[in-house]
Amino acid sequence: MGFMKHNIVDNVAFSNKLRHVNPKLKVIFALSLLLISVFSTSFIVPLIIFFINSILLLFKAKVPKKIYAVFVGIPLGFGILNLVIFAFLFGTVEWFKINVFGFEIPVYKDGIELGLLLFGRMLGGVSSMLFLAFTTPMVELFYIFRELKMPDVLVDMMMLIYRYIFVLYEEYEKMKFAQESRLGTSNLKSTYKSLGALAAHLFIRAWEKGEKLNITMMSRCYDGKIKLLQTIENPSIKYILFIAIFDIFLIILAYLTKDFTLTSYIKI
């Protein structure tokens, strides 16, 4: 399999319909919604943020629905599990009981409310980060990091690590395919042996690629800083004001709904 096949996020980031929207504007939008989601005292606002991000990604950016479902599905599953655990194990105010094989298991109101809050925060935060990841290529984010005066060494390390995650993954798949074609995983004993050999060879391959990269960069007059040729203009003030007004609206809504409890409206 090729390198680009593994890097699904970058493929989508370069081909989505919001690709040419100012990346600084997308960073401001995504990070502001992330902060509102994380610090919201109401589960309603983070869920609204989740639906807004989902609509923008699926219908405006045209992110493939299957890809988005995969990336949202995993945290969604953990969120539902977390909600169930909080409903049964945390809380003091009993709402109702469930009879399971003669045992009555209580469900707590305050446990459900806390679980809903964490569930909403998780969905709002994850969708905000996915919006940024699916609409903005990493190279543009690295440039923005530079403009934010992050240390050059840190930005360079992030770029190299991001690149070589996928390079080493491709090496891993080649080695794994070679082992499987030679029946290296035919039983448990050979699987453990093959796994150890794969880890050792992958470490050696990573070391070799690091040495080659260092030689290549030094031969091209590397002076301790990777040059980024791209420049990004500052976004229009009117769009920033629009995002600010929208954020203020969400903050006010979060304040107005902070005492809202779902269980008080459902009678069992």
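The backbone N, Cα and C atoms fix where each Cβ goes, glycine too.
As recorded in Swiss-Prot, the features of this protein are as follows:
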- 32-52: transmembrane segment (TRANSMEM)
- 70-90: transmembrane segment (TRANSMEM)
- 125-145: transmembrane segment (TRANSMEM)
- 237-257: transmembrane segment (TRANSMEM)
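Among the listed stretches 70-90, 125-145, 237-257, the one sharing the most Cβ pairs under 8 Å with the transmembrane segment (32-52) is 237-257. Remote same-chain partners of the transmembrane segment (70-90), defined as residues 6 or more beyond its termini with a Cβ less than 8 Å from a stretch Cβ, comprise 54, 105-108, 110-112, 114-116, 118-119, 122-123, 126-127, 130.
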